[in-house]
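Features as listed in TrEMBL:
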- 16-32: transmembrane segment (TRANSMEM)
- 52-76: transmembrane segment (TRANSMEM)
- 96-118: transmembrane segment (TRANSMEM)
- 124-144: transmembrane segment (TRANSMEM)
- 156-180: transmembrane segment (TRANSMEM)
- 186-208: transmembrane segment (TRANSMEM)
- 212-226: compositional bias 'Polar residues' (COMPBIAS)
- 212-236: region 'Disordered' (REGION)
- 329-349: transmembrane segment (TRANSMEM)
- 415-439: transmembrane segment (TRANSMEM)
- 532-552: transmembrane segment (TRANSMEM)
- 590-612: transmembrane segment (TRANSMEM)
- 661-679: transmembrane segment (TRANSMEM)
Amino acid sequence: MSSVTGFSLFSSDRKALLILGFLSIIYFLENFDRALISVSPIPYVDYGSYEYSVLAGPAFTIVYTLGGVFFALLSYHDPHSLATKDGAGTWKLNKFAILSVTTLVFSAAFLTTAFALYFWQQVLVRLVMGLSQSIITPFSTSIISDYFPPEMRGAAFGIFNSGTYLSFALTLSLGIYVYVEFGWQAGYIVFGLIGIGFSLIIPTLSYLKANPSPTSPEDSNRQSAEPNRAGLEDKHGVAPSVDIDTKAVIFNHLHSVRTAPEYNPLLLSTQQDPRTLSKNSNHESQGKIKSNEVWQTLAEPQSWAAKFASMGAITYEIVCVRWRNQPGIYLLCLATGIRIGAGYVWSAYTGAFFSDLFETEDGSCTYSYNEEFAGAVPSDVCDSDYPYCVSGTCSALNSFPWHNKGMASINLITFMSWVPIVGSAFGNILGGFVSDYFIGKQTQSERALRPSADVAVSPLVAPLTAEALHSANLQHTADNSANKSTDHGEFMVSSESAVDSSPLMASMHGEDALIDGNHSVTEPVIDQSLRMWIAGWSNILPVPLIVGAFLLEFPYCFLIMICSGMMGEMYMGQALATITDQSLTPAHHVTPAVALFMFVITIIGGNMPLVVPLVNSWVGYGGKVDISFDAAPVYSGTDEQDASEVEFVVQNNDARQMQYGLLYVLLTCYGVSGILYLISYRQMRSAAAARKSKLSEQI
């Protein structure tokens with residue numbers, strides 16, 4: 001039996017790979033547009049005050065953290081689609097259409113940055129960008145989960161997440177180059193138009209009809225056994241659902257919860273044609289479920305109040321039921337939030353840390369400015385804001401020049417155009433492939449040990465499921481005093497129903513058996529803890545290399561980043577692959593689950609840059625240092641003086657304050673997140689071992 005691993009990714013459906021490529025490009029544009037403001041400064045925004053902090057922080061982060069969760073939960077409908085127009089007349093966009101609209105919105109807003117005239121207008125632009133970009137990651141990861149099996153998702157998410165590092169590299173290289181050569185507006189216009197162009201292409205991806213790759217031959221058998229529903233459509237052209245979310249059924253059974261139909265699409269039929277059933281839902285069908293009965297839930301349009309209640313129920317099920325039953329998942333969220341905070345800090349402060357000695361103003365000059373004779377100087381002489389004439393350009397000292405002497409911008413452009421790609425992006429992808437390889441081997445071994453693992457739960461595939469549910473005494477009555485069924489397709493499972501000791505119901509009833517309608521009841525338990533082990537050590541091992549990146553001189557500070565990036569950027573692909581794993585998150589819960597995950601980590605990590613000024617004030621080095629440089633002489637009168645350069649000695653902020661402040665923040669983020677990942681690894685491994693032991697006893 002051949003195993004499916006991350007190394008099989010490039011042999012999968014070419015259409016799926018094309019979709020992955022487009023999603024990666026959109027993710028790159030999202031990150032590039034977000035970060036360009038740090039290297040292409042807006043002239044009327046004070047980057048040394050709260051204005052820049054507001055634009056880079058709260059104006060974007062607050063709506064970004066909340067928007068993804070809101071739209072992901074709002075758009076949730078059923079396990080299979082957000083598609084077209086349903087029988088009740090409610091429009092539901094598919095995932096590609098949603099991505100197209102959001103890409104168009106944030107690209108248009110990004111383009112508007114170049115034409116906004118006031119600070120408050122830039123705040124509105126950042127709010128729109130944050131709200132629209134918050135949707136990209138949840139829906140993209142959901143699509144990737146649809147088209148790639150669990151044993152390939154580490155590599156697929158690694159490729160997708162590499163857009164972060166590509167955008168970071170091009171922001172600090174191409175972004176700076178465009179700013180220097182063409183002015184501050186050029187980058188916003190060019191990349192805004194590129195994003196708009198890609199937004200028009202995205203909807204065509206939904207017509208590729210790429211089929212998701214099965215996770216194993218057993219899954220292929222299950223899919224081929226799925227009944228043909230052609231000809232079973234109702235008057236609205238909607239075929240009946242054939243899925244049953246067994247975990248939701250058991251959850252309702254245990255807690256007497258009545259849920260909306262999209263949570264429990266219960267359709268039990270083994271003998272009757274579903275076309276003959278639709279009208280006798282409340283009065284004619286009562287009592288226990290029998291193998292010759294059909295109970296069909298029909299979704300109807302929800303009011304906004306019901307929709308918000310549904311959103312709350314989904315959130316509760318994901319966070320408080322499914323995540324609670326997987327020890328270590330909360331630590332995973334905390335660790336990823338702290339670790340991604342290091343990324344936010346590095347992105348926000350890299351340009352400031354590796355800064356030139358001077359910041360320049362457009363125009364040319366002949367002499368430096370002398371305030372004493374300001375009224376007598378010609379118009380081509382520098383002013384008090386940019387007092388020094390350096391290489392024919394009016395210049396001012398940067399607040400914290402690199403190592404108190406500055407570094408030419410061309411050095412930053414040259415190295416940062418390829419170092420993050422060679423180091424960070426490669427390490428991120430490599431970590432996904434390696435973890436997928438071992439997860440795939442483990443999956444193959446587990447399935448070989450469990451030949452009975454292909455008992456399907458789809459009720460139309462075989463009579464087994466309905467008979468097992470019947471033997472388990474799961475009741476469905478219309479009695480108003482106990483169990484209630486409504487015309488809206490809602491139903492309640494009695495809390496007094498007895499669950500027998502059959503292997504099927506035992507595995508369904510177990511708290512650790514998180515089973516959704518797309519997988520077998522006795523699906524082998526795959527230990528995903530290895531991903532946390534990789535994430536943990538990949539954050540601990542680069543710690544000494546990070547020290548070198550801050551303390552070493554050029555060019556060694558950049559070269560050492562290659563090694564630190566290869567080891568330190570493996571975490572995100574591992575985290576997403578774990579969150580979307582079938583034992584934790586059913587396919588129809590992936591979008592809201594990833595949105596909630598992104599909400600948590602962005603709340604933690606997105607505010608990490610605010611810690612840097614506090615740490616800077618604690619580390620010392622807050623005084624002034626003498627900095628010397630050569631510049632054109634001061635123009636002191638109407639008579640031109642010798643134009644030979646003279647040495648200026650002035651006092652400036654000590655760059656070591658930012659240097660050590662950033663160093664301490666990044667070392668803490670890496671170290672703490674690594675330790676939390678390893679603790680999560682131990683908890684997940686113990687939980688997986690317990691589930692394996694429990695299933696072995698039941699079988």
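Using the three backbone atoms N, Cα and C, a Cβ is placed for every residue, glycine included.
Of the two recorded stretches, the transmembrane segment (329-349) lies close to the transmembrane segment (590-612), with three or more CB pairs under 8 Å once pairs fewer than 6 apart in sequence are set aside. 52-76 is the stretch from 16-32, 52-76, 661-679 with the greatest number of Cβ pairs below 8 Å to the transmembrane segment (124-144). For the transmembrane segment (96-118), the residues of the chain that approach it from at least six positions outside its boundaries are 23, 26, 29-30, 33, 36-37, 42, 44, 71, 75, 82, 125, 128-129, 132-133, 135-136, 139-140, 143, 184-186, 188-189, 191-196, 198-200, 202-203, 205-206, judged by C-beta separation under 8 angstroms.
Touching of the transmembrane segment (532-552) and the transmembrane segment (590-612) is ruled out by the presence of fewer than three CB pairs under 8 A, sequence neighbours closer than 6 excluded. Beyond its flanks by at least six residues, the transmembrane segment (16-32) meets 9-10, 99, 103, 106-107, 133, 136-137, 140, 143-144, 147-148, 156, 159-164, 166-168, 170-171, 175, 191, 194-195, 198, 201-202, 205, 208, 210-213 of its own chain at Cβ-Cβ distances under 8 Å. Long-range neighbours of the transmembrane segment (590-612) within the same chain, counting only residues 6 or more positions beyond its ends whose Cβ lies under 8 Å from a Cβ of the stretch, are 56-57, 61, 64-66, 68-69, 71-73, 75-76, 95, 134, 137-139, 141-142, 145, 314-315, 318-319, 322, 333-334, 336-345, 348-349, 575-576, 579-580, 584, 661-662, 665, 669. Contact count against the transmembrane segment (415-439) (Cβ pairs under 8 Å) is highest for 156-180, out of 52-76, 156-180, 661-679.
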